[in-house]
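The phosphoserine feature in Swiss-Prot is assigned to Ser6; the stated evidence is similarity to another entry. What Swiss-Prot records for Ala107, Asp110, Glu112, Glu117 is Ca(2+) 1 binding site. The Ca(2+) 4 binding site annotation in Swiss-Prot covers Asp135, Asp223, and the record cites similarity to another entry as its basis. The domain 'EF-hand 2' annotation in Swiss-Prot covers 137-170, and the record cites sequence analysis as its basis. Taken from Swiss-Prot, the feature Ca(2+) 2 binding site applies to Asp150, Asp152, Thr154, Lys156, Glu161. The domain 'EF-hand 3' annotation in Swiss-Prot covers 167-202. Summarising the annotation, Swiss-Prot assigns Ca(2+) 3 binding site to Asp180, Asp182, Ser184, Thr186, Glu191. Taken from Swiss-Prot, the feature domain 'EF-hand 5' covers 232-266, and the record attributes it to sequence analysis.
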Amino acid sequence: MFLVNSFLKGGGGGGGGGGGLGGGLGNVLGGLISGAGGGGGGGGGGGGGGGGGGTAMRILGGVISAISEAAAQYNPEPPPPRTHYSNIEANESEEVRQFRRLFAQLAGDDMEVSATELMNILNKVVTRHPDLKTDGFGIDTCRSMVAVMDSDTTGKLGFEEFKYLWNNIKKWQAIYKQFDVDRSGTIGSSELPGAFEAAGFHLNEHLYSMIIRRYSDEGGNMDFDNFISCLVRLDAMFRAFKSLDKDGTGQIQVNIQEWLQLTMYS
């Protein structure tokens, strides 16, 4: 979709096959992950509707302004290349070759990972880390992860897409553990800014408040699956913004079709 095609071009920076994987693959992938270090109401007349619209636009303008400021400081890893699984580089490291073999076991005959398969493998991995508080990765979370990484709109992740996502999850897991200073298994609201900055996201207070309301519990604590889900979406949205802001002004223009593609398939 538009979102992924945009951020993959940007510079800088379902079948449930998982159930039959067995403990071996889950154990190996568990080792890989630990290797990283650890509007206004319209009723009552036209005047009310107009006031609500103005309020909504001011809120939206503030959010977009905050995102543009943050995006200017974000330097993501290079996006995954669009290469087929069979295009094996001669100079691949043994670690990458091992990961490719594991991917073949996980992906099955179609050599792509569905949202259900992604959910199964992530939940196998987090069970090996009791220090990470989580309710588990749900299917909606995994569908969102697949959607923002799905460059060819197949609804599944190819090898490079999956490897890019997996490497980010490893990096963010290490950051999560580092900033869980009270060892509660969650990231508190006071710990969150440092964790996000370590991941490369410099946000203002307004955006932090929005993120806490969306991804944290009533006490302001964010568990591991919500932390990963939030960062996956931030990474994708920042890439999309940077690729659309071709002249570097911090402003973009999109039509309704582009806006719907940005917001609905993510």
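All positions are counted from 1 along the displayed chain.
Note: Cβ is positioned from N, Cα and C throughout, glycine not excepted.
Overlay of Swiss-Prot annotations on the structure.
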{"residue": "Ala107", "record": "Ca(2+) 1 binding site", "Cβ within 10 Å": "20"}
{"residue": "Asp110", "record": "Ca(2+) 1 binding site", "Cβ within 10 Å": "12"}
{"residue": "Glu117", "record": "Ca(2+) 1 binding site", "Cβ within 10 Å": "25"}
{"residue": "Asp150", "record": "Ca(2+) 2 binding site", "Cβ within 10 Å": "22"}
{"residue": "Thr154", "record": "Ca(2+) 2 binding site", "Cβ within 10 Å": "13"}
{"residue": "Lys156", "record": "Ca(2+) 2 binding site", "Cβ within 10 Å": "23"}
{"residue": "Ser184", "record": "Ca(2+) 3 binding site", "Cβ within 10 Å": "13"}
{"residue": "Thr186", "record": "Ca(2+) 3 binding site", "Cβ within 10 Å": "22"}
{"residue": "Glu191", "record": "Ca(2+) 3 binding site", "Cβ within 10 Å": "20"}
{"residue": "Asp223", "record": "Ca(2+) 4 binding site", "Cβ within 10 Å": "20"}
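Per-residue confidence over the domain 'EF-hand 3' (167-202) averages 93 (mean pLDDT, predicted model). Distance from the CA of Asp180 (Ca(2+) 3 binding site) to the CA of Glu161 (Ca(2+) 2 binding site) is 28 Å.
Counting Cβ atoms from all protein chains shown, Asp180 (Ca(2+) 3 binding site) has 22 others lying within 10 Å of its own Cβ. Cα of Asp135 (Ca(2+) 4 binding site) to Cα of Ser184 (Ca(2+) 3 binding site): a span of 14 Å.
Of the recorded residues, Asp152 (Ca(2+) 2 binding site) and Ala107 (Ca(2+) 1 binding site) place their C-alpha atoms 16 Å from one another. Glu112 (Ca(2+) 1 binding site) counts 22 other C-beta atoms within 10 Å of its own C-beta, drawing on all protein chains shown.
According to its DSSP assignment, Glu117 (Ca(2+) 1 binding site) is helical. Apart from Asp180, Asp182, Ser184, Thr186, Glu191, the Ca(2+) 3 site neighbourhood in this chain, defined by C-beta within 8 angstroms of the site C-beta centre, holds Phe179, Val181, Arg183, Gly185, Ile187, Gly188, Asn221. Each of Glu112, Val146, Met149, Ser151, Thr153, Gly155, Leu157, Gly158 belongs to the same chain as Asp150, Asp152, Thr154, Lys156, Glu161, is absent from that list, and has a C-beta within 8 angstroms of the C-beta centroid marking the Ca(2+) 2 site. Glu161 (Ca(2+) 2 binding site) is surrounded by 25 other CB atoms, counting those within 10 A of its CB over all protein chains shown. Checking each of the binding-site residues Asp150, Ser184, Thr186, Glu191, Asp223 against Glu117 (Ca(2+) 1 binding site) by C-alpha distance, the shortest gap belongs to Asp150.
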